[in-house]
Amino acid sequence: MFERFTDRARRVVVLAQEEARMLNHNYIGTEHILLGLIHEGEGVAAKSLESLGISLEGVRSQVEEIIGQGQQAPSGHIPFTPRAKKVLELSLREALQLGHNYIGTEHILLGLIREGEGVAAQVLVKLGAELTRVRQQVIQLLSGYQGKEAAEAGTGGRGGESGNPSTSLVLDQFGRNLTAAAMEGKLDPVIGREKEIERVMQVLSRRTKNNPVLIGEPGVGKTAVVEGLAQAIVHGEVPETLKDKQLYTLDLGSLVAGSRYRGDFEERLKKVLKEINTRGDIILFIDELHTLVGAGAAEGAIDAASILKPKLARGELQTIGATTLDEYRKYIEKDAALERRFQPVQVGEPTVEHTIEILKGLRDRYEAHHRVSITDSAMVAAATLADRYINDRFLPDKAIDLIDEAGARMRIRRMTAPPDLREFDEKIADARREKESAIDAQDFEKAAALRDKEKQLVAQRAEREKQWRSGDLDVVAEVDDEQIAEVLGNWTGIPVFKLTEEETTRLLRMEEELHKRIIGQEDAVKAVSKAIRRTRAGLKDPKRPSGSFIFAGPSGVGKTELSKALANFLFGDDDALIQIDMGEFHDRFTASRLFGAPPGYVGYEEGGQLTEKVRRKPFSVVLFDEIEKAHQEIYNSLLQVLEDGRLTDGQGRTVDFKNTVLIFTSNLGTSDISKAVGLGFSQGGSENNYERMKQKVHDELKKHFRPEFLNRIDDIIVFHQLTQDEIIQMVDLMIGRVSNQLKTKDMALELSDKAKALLAKRGFDPVLGARPLRRTIQREIEDQLSEKILFEEIGPGQLVTVDVEGWDGEGQGEDAKFTFSGGPKRAETAEPDLAGAGAAGAPTAGTE
C-alpha cells in the first residue's frame with residue numbers, strides 16, 4: 001500500500017511521527033495523522049482544512065485538551081494504533097473509488113472522515129468543521145471548475161501553494177508558477193537579453209501562431225530569457241496584451257509519471273489544457289521542447305505534440321518553447337506541422353564583456369550562498385579564461401560554474417579545521433589512554449599528572465578553536481582571479497594560474513633545464529623555449545596552437561627526446577606526451593583511425609586516436625613521429641589544425657588544439673649526407689657540413705610536402721650531428737642512470753675518462769647517430785656488472801671503478817678491454833654533472 005503513497009502523503013506520515021514525539025505519545029493515532037496533514041501545508045488536504053479555518057495550533061490545543069501530554073518522550077519506532085491503520089486502509093479505498101492509482105493527502109483526509117470515530121474526527125467537530133462539509137470541500141478542490149473527477153497527480157507529482165488553489169490545482173501539480181517565483185524573488189536577475197525578451201513579447205502578442213521557441217546552444221541562457229519575461233510581467237514592464245498573465249513552466253516528466261493505462265497521459269494533458277483555456281491568463285513554458293515529440297505515445301495513443309498542434313495553430317494556447325539547435329533540427333524540423341506553429345527566436349552566446357556584466361549581476365546571490373566576497377578580477381578572469389580554455393561549453397554557463405565552484409572551494413577550505421586542532425585531538429586521546437593504563441596499574445600519582453596534562457590540552461585546544469572561529473571564520477573570504485584559475489586548472493589540467501616568481505625564473509631558465517637531457521641542439525631548444533614562454537606570457541595568437549615545428553635531421557640526434565623533455569618540463573612526466581607513430585598511417589583509409597571513423601564504419605563510437613587524446617588532454621605536446629611516412633590526405637587534415645587550432649572529428653565534435661605544441665619529426669634529406677659526412681669529429685668543416693645538410697633537408701621537405709603545409713609551420717629546425725664532446729656528455733647521462741640503479745643496492749659507479757672515450761668511440765655510428773650507444777653501454781658495462789654482482793665479486797658498500805686496458809686513446813681500440821675493480825665506497829661519491837638528469841628523464845637521453 002505504501003508504494004502508492006505520493007511524496008506528500010509519505011511526508012504526512014513522517015510529520016505524524018514527529019507530532020507524536022512532541023506530545024510524548026508512544027503511538028501514532030488519528031489525531032497525529034490530522035496534525036501531519038495540516039503541518040504538511042501544501043497538499044489538497046491542508047488547503048481544504050485551511051479554507052475551513054482549521055489551523056495547526058487550534059488542532060494541537062484540542063488534542064492536548066482531549067488526550068493530554070505523555071510523561072516521557074518515546075524512543076525508537078512508534079507504532080500506529082489499530083484505528084490509524086484502519087484510516088490508511090480506508091484512504092486506499094477512497095482513492096480506488098475516485099479512480100486514482102495513487103494515495104495522496106486528500107485520500108488520507110477522506111479516510112479520517114470515513115472512519116468518523118477517532119480523536120481526529122472529534123477535534124474537527126469541536127472546531128466547527130462538520131465531517132460532511134470537510135468531505136465536500138475536498139471533492140470540490142479535486143474536481144476544479146467543472147466538478148468533474150480529480151486530476152491525477154502521479155506519484156511524486158509536484159505542486160505548490162498559489163493565490164487561488166481551486167483554479168490552478170492541475171497546473172500546480174504538473175508545473176511551476178514562474179511569475180509567483182519572480183514575485184517572491186526566487187529567480188536570479190537577468191542581465192541583458194533585452195532584444196530576445198522583446199522579440200518573445202512580440203510573438204506572444206500575435207493573433208495566431210503566437211508561440212516563440214528559443215533556440216540556442218546549451219548554457220547560453222534560454223531559460224533565463226523566460227525568467228526575465230516573468231520578472232518583466234511582475235514589474236509591469238510588458239505591453240497591455242501581456243499584463244496580469246501567469247507564466248507556468250510545464251513538467252512533462254510528472255505528466256507521464258504514473259500513467260499506467262492507455263489514455264491516462266492524454267487525460268492529464270487535456271485537463272491541463274482545459275484549465276489553461278478556462279483561465280485565459282496562462283502562458284505555458286515548455287523547456288526541452290523536443291520532448292513533446294513522442295511524449296506519452298504508446299500503441300494506439302497519440303503524443304503530446306499532436307494534442308497541442310490544433311490549439312497552437314488557432315492561438316488558443318500561448319506556449320514558449322526552448323531547445324538546442326541540434327534537438328530542434330533532429331525533432332522539430334522533421335515535423336513540419338509542429339515547426340510552422342512555433343516562431344524561432346535565436347539566443348546567441350554572449351560576448352566576454354556581456355558575460356562579465358551577467359556575473360556582476362549574479363554576484364550578490366553567490367556571495368550570499370557561499371558566504372564569500374567575489375572580486376571584480378575574479379569575474380573578469382572567469383569570463384576570459386572560460387572563453388579561452390573551455391571549448392566544449394558555452395558562455396555564460398561555464399563562467400558561472402567557475403565562479404560557483406571557486407566560491408564552494410573557498411567556503412569548504414575555511415570550514416575545515418586547521419591541522420593543529422587535529423594534533424590536539426590526538427594528544428588528548430593519547431593522554432586519556434595513558435591515564436587509563438596508569439589507573440589499571442594503580443599508579444595513581446602518574447594518573448593524576450596525566451589528568452592535569454589532559455585538562456591543559458583540552459583548554460589549549462578550546463583556546464585555539466576559539467581563535468580559529470573568531471579569526472578565520474569572521475573574516476569574509478575573498479575569491480579572486482587566482483582562485484578562478486586554480487579551479488580551471490583542476491578542470492582542464494591547464495596551468496593557467498598567475499606566473500609566480502618561481503615559475504617565471506624556471507621559464508627563463510628553460511633552455512638550461514632542457515639541456516639537462518638534450519645534448520647540443522641549441523637552435524631547437526631555443527625555438528621551443530620561446531614558443532612556451534610566449535604561451536605562458538599570454539602573447540600567442542589565441543586561434544593557433546602554442547607552437548608548431550618540424551624537427552628534421554639525422555637519426556639518433558635527439559628529435560624525439562627533445563619532445564619528451566619538453567613534456568617532462570611542462571608536466572613533470574614523459575607520459576604527458578601524445579606520441580603518434582605516423583608509420584601506422586601510410587594508407588589512405590588509415591586516416592580515419594587518427595581523426596575518427598565516419599558513421600557506419602567500424603570504430604565510429606571509439607573516436608580517433610589523436611582527437612580523443614587531445615580532447616582529454618587539451619594542454620599537451622603532440623609528437624607526430626616520422627611524418628613523411630603518413631599518407632598525403634593526413635597533411636590536408638592537419639592544415640586546419642595548424643592555422644585555426646581546431647579539428648572536427650568523425651562524430652562532428654570540434655576538438656581544440658589551441659593549447660597544444662605540435663612537433664613533426666622527419667628524416668628527409670639526411671640519409672645520404674650522414675653516410676658521406678660521418679661523425680664530423682673534426683671541427684673544421686663541420687659548419688659547412690651542417691649548412692649543406694640543412695639545404696638538402698629544406699629541398700627534400702619542399703619536394704615531399706605541399707607549400708600550404710610548410711607555410712603554416714612556425715619553424716623548421718634541422719638538428720646538428722653530434723660532436724665527440726657531445727657523445728661523451730651522453731655517456732655521462734646514460735652512466736648516471738646505471739649509477740642511480742646501483743645506488744638502490746648501496747653501490748656506486750665511476751668511469752675513467754678513457755673508459756668514457758672508448759664507449760663514445762664504440763657506441764656512435766655516423767648513420768644511426770647515438771642510438772647504438774645505449775646498446776654499447778648495455779653490452780660492455782651493464783652485462784659485465786650484472787655477472788660480477790651475481791658472482792658476488794662486487795657487493796653492497798663498494799665503489800665500482802671502470803677503466804680500460806690495451807688502448808692508448810688512439811684508433812678504435814678493437815682489442816681494448818674494460819676492467820672493473822671494487823673498493824670501499826667513499827662517503828660522498830662525486831657523480832657526473834648530468835647523472836641526476838639522466839635518471840629523472842628517459843633512459844637514453846640525447847637519442848630519439
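Counting starts with 1 at the first residue shown.
Just so it is clear, glycine is given a Cβ too, placed from its N, Cα and C backbone atoms.
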* Asked: Pick from 583-620, 811-848: which stretch is listed in Swiss-Prot under region 'Disordered'?
  -> 811-848
* When the number of other CB atoms within 10 A of each residue's CB is tallied over all shown chains, which of the binding-site residues G556, P618, F624 has the maximum? -> G556
* Asked: In sequence order, what residues of the same chain, 6+ apart, have a Cβ less than 8 Å from the Cβ of V621 (ATP binding site)?
  -> S563, L566, A567, L570, A576, L577, I578, T660, V661, I663
* Could you pull the average pLDDT for the region 'Repeat 2' (80-144)? => 81
* Give the helix, strand or coil assignment DSSP yields for F624 (ATP binding site). => strand
